[in-house]
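*Asks:* A single structure is presented below for examination.
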Amino acid sequence: MNFYVYNTMSRKKEEFVPVNEGKVGIYTCGPTVYNYAHIGNLRTYIFEDILKKAFEYGHYKVKHVMNITDVGHLQSDADTGEDKMQIGAERENKTVWEIAKFYENAFFEDCHKLNIRKPDIVCKATDHIQDMIDIIKTLEKKGYTYTSKGNVYYEIDKFKDYNKLANLSMEELEAGARIDVDENKKNPLDFVLWFTNSKFKDQIMQWNSPWGKGFPGWHIECSAMSIKYLGDRIDIHCGGVDHIPVHHTNEIAESEAVLGHKWVNYWMHGEFLVLSDGKMSKSKGDFLTLSKIEKEGFSPMDYRYFCLQSRYRKQLMFSFDALRQAQLAYKKLKEKVADIVSNVKENERADKELVNKYKNKFQEKISDDLNIPNAFTVLFEVIKDNELTNKEKSLLIESFDTVFSLDLLKSNNHNLEKLDSEDIKRLICERNDARNHKDWHKADVIRDELKSMGIDIIDSKEGTKLKIRNS
Ligand code: AMP
Ligand code: ZN
């Protein structure tokens, strides 16, 4: 089945043609590990995870590479502001290395909770300094660089069609770069490949280079590592939309200048998660993390479900109300699935043709530039289809969940481990109270909450009994 993706470069949905038949190389820009990921960042990683699993559903062999930025990323993507790693180190009175390790681990813990599978190759910028130096040397040899006051700059006027990805005029692109003008630059859009003249006097992360002791600019790490691990023609490169005008534009300028040909075939960008009062940003300080929403009573799967209800190219407005609705819908879905699974009978029919018909329908939706909402419609059709046996439904749900990764078939009993008996006791007390006050609605809500944890409530004259479900 053909796969279609929206390519930012052409601004069109295109049929996907791989560089090597049956294989897909995907490079995704990873986190800058100076703080926790916010839930907006995580939306982008969920999109990339689904993309990879959708290709796998279509029997492609995927190689996914992601970088970890642990050096060189200044507050603004365009070489201005403070060094992000340094900010983290000062904030927490730790070394930059400690900060990088801590937040890399925290990032992967969040991913694990969200069923975001670890990429096949995770590469740290600080482990690839020599690769970056080699690329800068090639750029220098080819005449794309100049040195000014110790820093090595990329001269964007030497690169034809610098603005092709952003599709903005040079004036529009320049507007962003003019905020904090670097006098050393020939063109405000030129960017640093190697800093030796750092404004951060106590910069700890420094390496020897042909241009002096210093550290790399941010964009060069992605050029160096993606080419190293995926070769000089890459199928898909992803990131959030904020990367289009600066980071990815500069990556293209570097990589295509070095390689001398087109580098990435499809550019895919995830739209932002936004708050009703604007952009979600780490610099605002009090940003929303996965742990914060967990503390508010939501599970990572609730958040994943919430993200999957809208398409990756649409902005998604976050609110706790919207998340609560997603939580409820997810809970209902899991109950329906549990009901189906617990009613599978021995030796029930599992007709391959019927199952494949739905699998193909599902694949058609996800192959259409990841139309996940439509893929959910197929799931609900399966659940409702009276012609299907519970066995067939279970097989299909299991198959679809290799892409959704929502633990649809996983028993909820594991939640019990997280809950100590105090929590359960508290819920029962609250429910008894509600019943005594004839607040049937509240009593039902609590009963449903317990049910979603795999605990059934049985009311009898002797009081309330609990039954732990094993489905
Ligand atoms: P960073 O760690 O800031 O480099 O960002 C990690 C990833 O999250 C990048 O792909 C960004 O484009 C993406 N991103 C940043 N902010 C948001 C947001 N509010 N919503 C969705 N993705 C975002
Ligand atoms: Zn990148």
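Backbone N, Cα and C define each Cβ position, glycine as well.
These came from TrEMBL, pasted as-is:
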- Lys282: ATP binding site (BINDING)
- 323-350: coiled coil (COILED)
- 16-327: domain 'tRNA synthetases class I catalytic' (DOMAIN)
- 361-392: domain 'Cysteinyl-tRNA synthetase class Ia DALR' (DOMAIN)
- 422-461: domain 'Cysteinyl-tRNA ligase anticodon binding' (DOMAIN)
- 31-41: motif ''HIGH' region' (MOTIF)
- 279-283: motif ''KMSKS' region' (MOTIF)
*Asks:* In the motif ''KMSKS' region' (279-283), how many residues does DSSP call helix, how many strand, and how many coil?
*Replies:* 2 helix, 1 strand, 2 coil
*Asks:* For a quick check of packing: other C-beta atoms within 10 Å of the C-beta of Lys282 (ATP binding site), how many?
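*Replies:* Its Cβ shell of radius 10 Å holds 19 other Cβ atoms.
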*Asks:* Check the domain 'tRNA synthetases class I catalytic' (16-327) for me and report the mean pLDDT.
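*Replies:* Taking every residue of the domain 'tRNA synthetases class I catalytic' (16-327) together, the mean pLDDT is 92.
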